[in-house]
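Undergrad: The following feature annotations were taken from TrEMBL:
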{"type": "SIGNAL", "residues": "1-22", "note": "signal peptide"}
{"type": "DOMAIN", "residues": "25-75", "note": "domain 'MIR'"}
{"type": "DOMAIN", "residues": "83-138", "note": "domain 'MIR'"}
{"type": "DOMAIN", "residues": "139-193", "note": "domain 'MIR'"}
Amino acid sequence: MCWYDIFFIFFLLSCLFGLSLATELSFVTCGSVVKLLNVKHNVRLHSHDVSSGQQSVTGVTTVEDSNSYWSVRGNSRAPCHRGTPVKCGQTIRLTHLNTGRNLHSHYFASPLSSNQEVSAFGEEGEGDHLDDWMVQCGGSVWEREEAVRFQHASTDTLLSVTGEQYGRPIHGQREVHAMTGPSQHSLWRAMEGVFMKPSEIHDHRVLQEGSF
């Protein structure tokens, strides 16, 4: 069983049993599964297969789509232990829950805006160093209510949305790309999801569910 299958089972169980104590947890932790909202454009980070194994990353206005869930994981060199608060300045991977591919960027132009392309890459959560993103936030840890930025570790660009919309077959979805320099277009906030509570006794973990 793959790691993302396990996460999906945890997610379904949390919905089934109605765990609703996430209000106790004010920060994002490693192992959490979240949706990320672009504050400026009110779209959630989204991904799905397009064709021939290619996987796009876009922004969607739909709240309920399961293809907008991302798992917060360690980077390509360092693990991120479940339940540990994500620190400001920490480098992580964001792995698409349904497909196991990582949020990825590289020195190619995006199709609509000609900014730096963002896509989904890898298999079963394994990719390369171009999947690493540094969390930029104002305090010591990534607060759930805080608008944060994600800086691509290899190119120093920021995960952004500027409003360009695709036509068919993904009509209305917004282009997600990476840009140099911070702006309102690069602010994101953690929204719906399943949050891992920090361990209090050894490796005991408790899943906490956000509002859906």
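All residue numbers here begin at 1 and follow the chain in the order shown.
Keep in mind that glycine also has a Cβ here, set from the backbone N, Cα and C atoms.
On a predicted model such as this, the values are computed, not experimentally measured, just so you know.
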Undergrad: Which residue counts does DSSP yield for the domain 'MIR' (139-193) in the helix, strand and coil classes, in that order?
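TA: Tallying H, G and I as helix, E and B as strand, the rest coil: 3 helix, 27 strand, 25 coil.
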Undergrad: As a quick check of your reading of DSSP, tell me how many residues in the domain 'MIR' (83-138) are helical, how many are strand and how many are coil.
TA: 3 helix, 28 strand, 25 coil
Undergrad: Report the DSSP secondary-structure composition of the domain 'MIR' (25-75) as helix, strand and coil residue counts.
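TA: Split into helix, strand and coil, the domain 'MIR' (25-75) gives 3 helix, 29 strand, 19 coil.
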